[in-house]
Amino acid sequence: MAARICSRKAVKEVTQKFSLYRVVGHRGYAAAAGADAAENDVIVVGGGPGGYVAAIKAAQLGFKTTCIEGRGSLGGTCLNVGCIPSKALLQSSHMYHEAQHSFAAHGVKVGSVSIDLPAMMQQKDKAVTGLTKGIEGLFKKNKVTYVKGYGKITSPNEVTVDLLDGGSQTVKGKNIIIATGSAVKSLPGITIDEEKVVSSTGALKLKEVPEKLVVIGGGYIGLEMGSVWGRLGSQVTVVEFGDAIVPSMDAEVRKSFQRSLEKQKMKFKLKTKVVKVEDTGNGLTLHLEAAEGGSPSTLDANVVLVAAGRTPFTQGLGLEELGVKVDKFGRVEVDHSFATNVPGVYAIGDVIPGPMLAHKAEEDGVACVELLAGKAGHVNYDTVPGVVYTHPEVASVGKTEEQVKAANIKYNVGKFPFMANSRARSIDDAEGMVKIIAEKETDKILGVHIMGPSAGELIHEAVLAMEYGASSEDIARVCHGHPTLSEAVKEAAMATYDKPIHF
Ligand SMILES: Cc1cc2nc3c(=O)[nH]c(=O)nc-3n(C[C@H](O)[C@H](O)[C@H](O)COP(=O)(O)OP(=O)(O)OC[C@H]3O[C@@H](n4cnc5c(N)ncnc54)[C@H](O)[C@@H]3O)c2cc1C
Ligand SMILES: NC(=O)c1ccc[n+]([C@@H]2O[C@H](COP(=O)([O-])OP(=O)(O)OC[C@H]3O[C@@H](n4cnc5c(N)ncnc54)[C@H](O)[C@@H]3O)[C@@H](O)[C@H]2O)c1
């Protein structure tokens, strides 16, 4: 078996040394930050995945901690209007689609299948409420103080909160962590009313299935929410400015993915921009132009979903007055320890540069407070996985083949199709493949891209492998249970450094 490029033990030894240094640094720093400031050790502004995780971890590390959240429930975008409700609707709509199109082939007769949209929404809301309340419980368990209201940072040691119940409160502390997340990016000529022209938030609570849904933006939200409503019966057209959907994805996987979505009747207009959305009284008309110039055209819709990205949310936070630096995209600038240019003020999650993903925000949160505690907090942004929860799912970690080529790295590629995987065949869900890219000389894995059933679960074997600096041979020589979808990862690894058995 190829030698591991970096061992966990070695990393631990290095981080322990680093830890000792940080403890000293932290004590010195805390004292400097404000002997008289100190009601709290840590104030977190924003209770999303970044903020609530940072608050819990801070409390677990012994810090007196307060978390300020303005929306009235914890969990941020992700739990309230993002990851969780969208995954609930993806599951419900998938079940409906399966009942219509797949049950019969498995010998399951269900007669006519119909949708109860209010019940579907209720199931989604139940999942959201259960989880957001769960975080309140975790706050109590960990003794995090929860202040409900919007906060403005009035000094490096003070946040003034407009309480949701009225009045205001000043929260004092030694360190402030900005975790205020992101908001929908608006487009010129398009007004979001959350009824006919919706953001993802409106798309999560439509009252009926639109006959024609046009999605602006072929990224994560567009494809997930487009899938939901497409499965429930809408004719979905995705208008994408770029020449490809999900531009960050490996091109080969992305092409198969687009073909798969087209088989599901999703239509794509690439290299096209929407310049105006007009309400004709009878519906909506989108005015389109080719991205690189050309003749204009129109497209009709009942509902338009604007999903062209998100922007950092810092409105009313007082950053300008405080002198906190933001970049040209409005993202708070931080150093490797999440510190802004203002001593005692830190930032994590969607509001700082990096992928706008819940798990990345959580990792930021833990690392930030570990560093405050003098520990060796660290986030490896090269191994943050990305998952699109369509069917099939698409998941990736590390570099795409295009990135490796552009970096002039010599590499091997190994692929294995789910058509040759016994579990995928037995469950009749065998579209897609596993693709592994490894450095030619060392066999170190550089990137893994999976399109297929449960890709979002399977990718974590690759994430773990890459965290340990593994080679493709390392994965190939690990015994995998049979029959499992994971065997496709093993076979792709075999195909990377040698040959697969089953293809
Ligand atoms: C439809 C949709 C689906 C998504 N699906 C996924 C997914 O499947 N997987 C994934 O990893 N990511 C997903 N995301 C992205 C994910 O939601 C974000 O990356 C994540 O929520 C970022 O966490 P955060 O803590 O940085 O910010 P947020 O979750 O945005 O939380 C910030 C919180 O701060 C609060 N706040 C803002 N300003 C103040 C203030 N001044 N005072 C007090 N409170 C304030 C806000 O109310 C908010 O609750 C999805 C996003 C959307 C929109
Ligand atoms: N499964 C997940 O992890 C998940 C799900 C949903 C959202 N998210 C996160 O939320 C964030 C926002 O999602 P998103 O889908 O809005 O953004 P995105 O960045 O994923 O995709 C936006 C797409 O819109 C296109 N675009 C931009 N301007 C356009 C225009 N004027 N006309 C047409 N197309 C245009 C871009 O080229 C891009 O392909 C993402 O960064 C993602 O990380 C993650």
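Cβ coordinates are placed from backbone N, Cα and C, and glycine is handled just like the others.
Taken verbatim from TrEMBL:
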ACT_SITE  His482  active site, proton acceptor
BINDING   Lys87, Gly151, Thr180, Gly181, Ser182, Asp350, Met356, Leu357, Ala358, His359  FAD binding site
BINDING   Gly217, Gly218, Gly219, Tyr220, Ile221, Gly222, Leu223, Glu224, Glu240, Gly309  NAD(+) binding site
DISULFID  Cys78-Cys83  disulfide bond
DOMAIN    41-365  domain 'FAD/NAD(P)-binding'
DOMAIN    384-493  domain 'Pyridine nucleotide-disulphide oxidoreductase dimerisation'
Query raised in the report: Going by DSSP, is Gly217 (NAD(+) binding site) part of a helix, a strand, or coil?
Result: coil
Requested in this report: Measure between the Cα atoms of every pair in Gly217, Gly218, Gly219, Tyr220, Ile221, Gly222, Leu223, Glu224, Glu240, Gly309, the residues the record assigns to NAD(+), and report the largest value in Å, rounded to a whole number.
Outcome: 14
Report summary line: In DSSP terms, the domain 'Pyridine nucleotide-disulphide oxidoreductase dimerisation' (384-493) comprises 40 helix, 33 strand, 37 coil
Report summary line: CB neighbours within 10 A of Ala358 (FAD binding site), counting all protein chains shown, number 22
Query raised in the report: Could you give the maximum C-alpha to C-alpha distance in Å for the residues Lys87, Gly151, Thr180, Gly181, Ser182, Asp350, Met356, Leu357, Ala358, His359 that bind FAD per the record?
Result: 30
**Report entry** In sequence order, those recorded positions of Thr180, Gly219, Glu240, His482 whose CB lies under 6 Å from ligand 1
**Finding:** Thr180
Requested in this report: Tell me which recorded positions (Cys78, Lys87, Gly219, Leu223, Ala358) have a Cβ under 6 A from ligand 2; sequence order is fine.
Outcome: Gly219
Query raised in the report: Looking at the binding-site residues Thr180, Ser182, which sits with the largest number of other Cβ atoms within 10 Å of its Cβ?
Result: Thr180
Requested in this report: Excluding Gly217, Gly218, Gly219, Tyr220, Ile221, Gly222, Leu223, Glu224, Glu240, Gly309, please set out which residues of the same chain place their CB within 8 Å of the center of the CB atoms of the NAD(+) site, keeping sequence order.
Outcome: Val215, Gly226, Val238, Ile245, Val246, Ala307, Ala308
